[in-house]
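Positions annotated as substrate binding site by TrEMBL: Asn13, Gln46, Asn66, Gly76, Asn77, Asn170, Asn203, Glu221, Arg222, Gly231, Thr232. Annotation comment: TrEMBL describes Cys75 as active site. What TrEMBL records for Cys75 is active site, proton donor. Among the features that TrEMBL reports, active site, proton acceptor is placed at Cys230.
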Amino acid sequence: MRVRFTKMQGAGNDFVVLDETRARLNLSAAQYQQLADRHFGVGADQILSVRPSPAAGIDFEYVIHNADGGEVEQCGNGARCFARYVLDKGLASSPRIKVQTLSGLIEPRVNEDGRVTVDMGPPVFEPARIPFDDAGLDPQPTGGWHRWHLALGTSADSTILPLAVLSMGNPHAVQEVEDVDSAPVATQGPKIEHHPRFPNRVNAGFLQIVDRAHVRLRVWERGAGETLACGTGACAAVVAGIRLGRLDSRVDVETRGGLLTIEWAGGAAPVLMTGPAVTVFEGEIELPDAS
Ligand SMILES: N[C@@H](CCC[C@H](N)C(=O)O)C(=O)O
């Protein structure tokens with residue numbers, strides 16, 4: 001089958017965007033994988049599908065597949081590209097939209113400077129809702145802070161990590177590092193992603209705090225490996241730093257692909273993420289039949 005697509009990127013986290021507002025493409029996991037493949041397909045960290053609203057008062061449904069073909073609940077950089085896409089394609093008449101995702105409602109708005117701000121909703125800390133199996137683990141005595149010592153691997157690899165574990169609609173485990181450039185992202189990332197305490201796997205963040213309003217971040221993404229930026233990862237890392245008392249309520253997050261600004265007033269307040277959303281090119285690709 002022949003599929004039309006738009007290639008987009010937000011801070012270097014790249015996407016294939018599919019318009020399914022008129023008809024479903026019904027792609028298989030193998031076809032999503034092929035679209036994401038950087039040698040045999042278009043190349044992307046995630047595939048974003050734009051679908052009609054499932055309910056009155058909601059503008060669109062936003063469906064996300066990782067490069068490994070698995071459907072996931074949330075994608076922050078993708079949400080900004082989604083908003084830019086529906087506005088540029090004339091599918092939305094207002095720069096403020098309401099979008100249904102697997103994990104709930106988000107509200108992106110395209111700003112006059114072209115950047116996009118997304119109300120990502122509040123962070124979630126209850127282990128069962130992340131989901132995170134906390135049986136037998138004691139939180140560190142830091143004011144209820146969700147930070148856990150997690151043994152990684154077997155006795156031959158018994159690294160103990162303090163991790164902040166939370167959900168931004170999708171699961172995140174954030175650790176603080178001295179220097180992101182030398183952080184063990186490629187070696188520890190996959191072990192954290194597949195750790196048995198995360199039944200749905202997890203995104204692994206490596207956070208370097210530069211000062212109270214500026215951090216550097218790398219993320220090993222579930223189902224995609226290390227990406228140049230992760231929007232929900234940036235939200236999770238900043239929320240973690242704020243809860244630790246180490247960050248102010250507005251923080252610039254420097255990723256390998258660009259700058260994101262994250263704001264959180266604490267408690268049940270929504271996390272606001274602002275950053276770029278750019279169209280790279282459009283095209284058509286022939287995909288093998290669904291298997
Ligand atoms: N790139 C994303 C997150 C995409 C989903 C993630 N890999 C997961 O499996 O949860 C972002 O910008 O948030």
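Note that Cβ sites are derived from N, Cα and C of the backbone, with glycine treated the same way.
The structure, with features from TrEMBL marked on it.
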| residue | record | CB count, 10 Å |
| --- | --- | --- |
| Asn13 | substrate binding site | 31 |
| Asn66 | substrate binding site | 23 |
| Cys75 | active site | 30 |
| Asn77 | substrate binding site | 36 |
| Asn203 | substrate binding site | 26 |
| Arg222 | substrate binding site | 25 |
| Cys230 | active site, proton acceptor | 34 |
| Thr232 | substrate binding site | 31 |
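Following the DSSP three-state reduction, the secondary structure of Asn66 (substrate binding site) is strand. Site extent for substrate: among the recorded binding residues Asn13, Gln46, Asn66, Gly76, Asn77, Asn170, Asn203, Glu221, Arg222, Gly231, Thr232, the largest C-alpha separation is 16 Å. The record gives Asn13, Gln46, Asn66, Gly76, Asn77, Asn170, Asn203, Glu221, Arg222, Gly231, Thr232 for substrate. Within 8 Å of the mean position of their Cβ atoms, the other Cβ atoms in that chain belong to Asp45, Val72, Gln74, Cys75, Gly78, Val219, Ala224, Thr227, Cys230, Gly233. Secondary structure at Thr232 (substrate binding site), as computed by DSSP, is helix. DSSP assigns Arg222 (substrate binding site) to coil in the three-state reduction, outside any helix or strand. DSSP assigns Asn203 (substrate binding site) to a strand segment in the three-state reduction.
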